[in-house]
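Asker: Pasting a structure here, questions to come.
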Amino acid sequence: MPSDPFPSVSAAATAGTPEVTHVPNHQTAALIVAAGKGLRAGGGLAKQWRPLAGRRVIDWTLDAFRKVGIDQIALVLSPQDTEIWQEFAAQDDILLTRGGATRSQSVANGLELLAHHDVDRVLIHDAARPCVSGRVVHDVLSALDTSLAAAPALAVTDALWRGADGYVTGTQDRAGLHAAQTPQGFRLAEIRAAHQQLAANSMEAADDVEVARAAGIDVAIIPGDPDNMKITRPEDFDRAARILGGDMDVRLGNGYDVHRFGPGDEVVLCGVPLAHDRGLQGHSDADVGLHAITDALYGALAEGDIGRHFPPSDPQWKGAASDIFLRHAADLTRSKGYQISNVDCTLVCEFPKITPHAPAMRTVVAEILSIDISRVSIKATTSERLGFTGRGEGIAAIATACVVKP
Ligand SMILES: Nc1ccn([C@@H]2O[C@H](COP(=O)(O)OP(=O)(O)OP(=O)(O)O)[C@@H](O)[C@H]2O)c(=O)n1
Ligand SMILES: C[C@](O)(CO)[C@H](O)COP(=O)(O)O
């Protein structure tokens with residue numbers, strides 16, 4: 001952590017594989033405000049850091065902009081979020097700055113940051129809108145070619161009432177009313193000046209369109225998307241998860257492996273060496289647990305099994321540490337666009353006793369897979385002295401893996 005806990009961080013822009021490629025003539029930044037407390041959403045942790053459909057809200061939001069090939073992302077964080085700051089400071093395509101007490105102040109800080117970079121257009125977006133589509137981002141960007149400012153909105157279709165104390169006290173004509181969404185797109189110099197004017201007048205605004213209009217900037221309305229909801233209340237998480245989960249590809253795989261006992265004084269199980277009166281025989285280190293988990297991942301990807309990727313006939317794998325195999329399966333999983341959601345492995349043996357070593361095994365497997373330890377389960381059972389495991393002739397392992405492509 002630098003001495004100033006919240007300096008602005010700059011790095012080269014990179015982008016993931018675009019789904020909808022925008023080829024801009026202008027340098028465009030996405031300014032994502034994530035410095036709010038999310039009080040209405042409850043739950044302790046601010047909503048942008050909470051899990052949603054297998055990832056955090058913020059991860060969905062950032063990816064939505066990366067996928068359309070935005071040149072630069074500026075992220076505005078609360079001064080309290082020091083660990084989060086460190087995480088994002090390590091990401092090459094993200095600039096960071098601290099937020100203010102209100103959304104407008106957070107946006108203003110982000111605009112000041114961008115003013116020191118080669119950016120002339122900005123899309124200002126709520127971190128709390130993780131379901132924004134490539135279509136909406138693209139349409140706002142395109143509208144900026146012909147308008148000074150543009151923002152998505154939905155025409156109000158429900159009847160509108162005024163109410164007090166639980167009773168309707170009046171009605172409101174809905175003609176011409178719109179529900180505002182983000183991203184709201186502007187020329188950087190103009191929206192920056194507009195925010196400076198707002199601050200100079202000690203004013204507040206609900207959104208940046210209001211700021212722009214106060215400065216005399218005309219804003220074009222772009223068709224919004226009902227799915228581009230802002231997570232505001234606790235129940236909004238379920239709706240957002242349903243929206244994001246719609247295209248989610250969830251896959252399960254299983255793996256099973258057996259190695260027989262032979263001479264030796266140690267076995268390696270799930271990456272942890274355990275003293276034992278015999279060893280396990282195999283071409284590699286015979287880590288039956290890692291082999292089962294590896295096969296479960298290959299199975300989830302329909303990529304055959306460990307023998308296909310690491311043939312036993314190949315002398316280079318003789319005595320190999322089995323983390324090589326599992327790392328390969330994990331890399332293959334990610335290269336195909338999947339995230340490892342969780343793995344569960346059961347070792348079947350009478351001896352050695354596994355339970356005391358299960359925490360160490362979980363730690364090793366979590367490290368190899370680069371996932372949180374809470375997503376790794378290692379457990380054991382005997383086979384009641386029945387069969388080859390019961391007679392102490394060998395150890396079996398069975399594993400399940402779940403991978404998810406958002
Ligand atoms: N001081 C603030 C307040 C809000 N925001 C961001 O502005 C977006 C929209 O604001 P809102 O939904 O009102 O978020 P919160 O202020 O966090 O919510 P609440 O009012 O329930 O506390 C969110 O992404 C939020 O993180 C911000 O960056 N800085
Ligand atoms: C900017 C905004 O998302 C537009 O709808 C909204 O105004 C911000 O949220 P808040 O609930 O008004 O703070």
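Note: Cβ is positioned from N, Cα and C throughout, glycine not excepted.
Just so you know, TrEMBL annotations never went through curation; they're auto-generated.
The following feature annotations were taken from TrEMBL:
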- 1-250: region '2-C-methyl-D-erythritol 4-phosphate cytidylyltransferase' (REGION)
- Arg40: site 'Transition state stabilizer' (SITE)
- Lys47: site 'Transition state stabilizer' (SITE)
- Arg174: site 'Positions MEP for the nucleophilic attack' (SITE)
- Lys230: site 'Positions MEP for the nucleophilic attack' (SITE)
- 251-403: domain '2-C-methyl-D-erythritol 2,4-cyclodiphosphate synthase' (DOMAIN)
- 251-406: region '2-C-methyl-D-erythritol 2,4-cyclodiphosphate synthase' (REGION)
- Asp257, His259, His291: divalent metal cation binding site (BINDING)
- Asp257, Val258, His259, His283, Ser284, Asp305, Ile306, Gly307, Thr381, Thr382, Ser383, Glu384, Phe388, Arg391: 4-CDP-2-C-methyl-D-erythritol 2-phosphate binding site (BINDING)
- His283: site 'Transition state stabilizer' (SITE)
- Thr382: site 'Transition state stabilizer' (SITE)
Asker: How many Å lie between the Cα of Lys230 (site 'Positions MEP for the nucleophilic attack') and the Cα of Ser284 (4-CDP-2-C-methyl-D-erythritol 2-phosphate binding site)?
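Answerer: So the Cα of Ser284 (4-CDP-2-C-methyl-D-erythritol 2-phosphate binding site) lies 52 Å away from that of Lys230 (site 'Positions MEP for the nucleophilic attack').
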Asker: What three-state class does DSSP give His259 (divalent metal cation binding site)?
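Answerer: DSSP call for His259 (divalent metal cation binding site): strand.
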Asker: Other than Asp257, His259, His291, which residues of the same chain sit close to divalent metal cation? List them in sequence order, counting a residue when its Cβ is within 8 Å of the Cβ centroid of the site.
Answerer: Val258, Gly282, Ala286, Asp287, Val288, Gly289, Leu290, Ala292, Ile395, Ala396, Ala397
Asker: Over the domain '2-C-methyl-D-erythritol 2,4-cyclodiphosphate synthase' (251-403), what is the model's average pLDDT?
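Answerer: Here the mean pLDDT over the domain '2-C-methyl-D-erythritol 2,4-cyclodiphosphate synthase' (251-403) amounts to 96.
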Asker: Cβ under 6 Å from ligand 1: which of the recorded positions Arg40, Arg174, Ser284, Ile306 qualify?
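Answerer: Once distances to ligand 1 are taken from each Cβ, Arg40 fall under 6 Å.
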Asker: Using a 10 Å cut-off on Cβ-Cβ distances across all protein chains shown, tell me which of the recorded sites (Lys47, Lys230) has the largest neighbour count.
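Answerer: The largest 10 Å Cβ neighbour count belongs to Lys47.
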Asker: For the recorded positions Arg40, Arg174, His259, His283, His291, which Cβ has the most other Cβ atoms within 10 Å, all shown protein chains included?
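Answerer: Of the recorded positions Arg40, Arg174, His259, His283, His291, the highest Cβ count within 10 Å belongs to His291.
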Asker: Rounding to the nearest whole angstrom, report the longest C-alpha distance spanning Asp257, Val258, His259, His283, Ser284, Asp305, Ile306, Gly307, Thr381, Thr382, Ser383, Glu384, Phe388, Arg391, listed for 4-CDP-2-C-methyl-D-erythritol 2-phosphate.
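Answerer: Those residues reach a largest Cα separation of 30 Å.
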Asker: Suppose we screen the recorded positions Lys47, Lys230, His259, Ser284 by Cβ distance to ligand 2 with a cut-off under 6 Å; which survive, in sequence order?
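Answerer: Checked recorded positions vs ligand 2; flagged Lys230.
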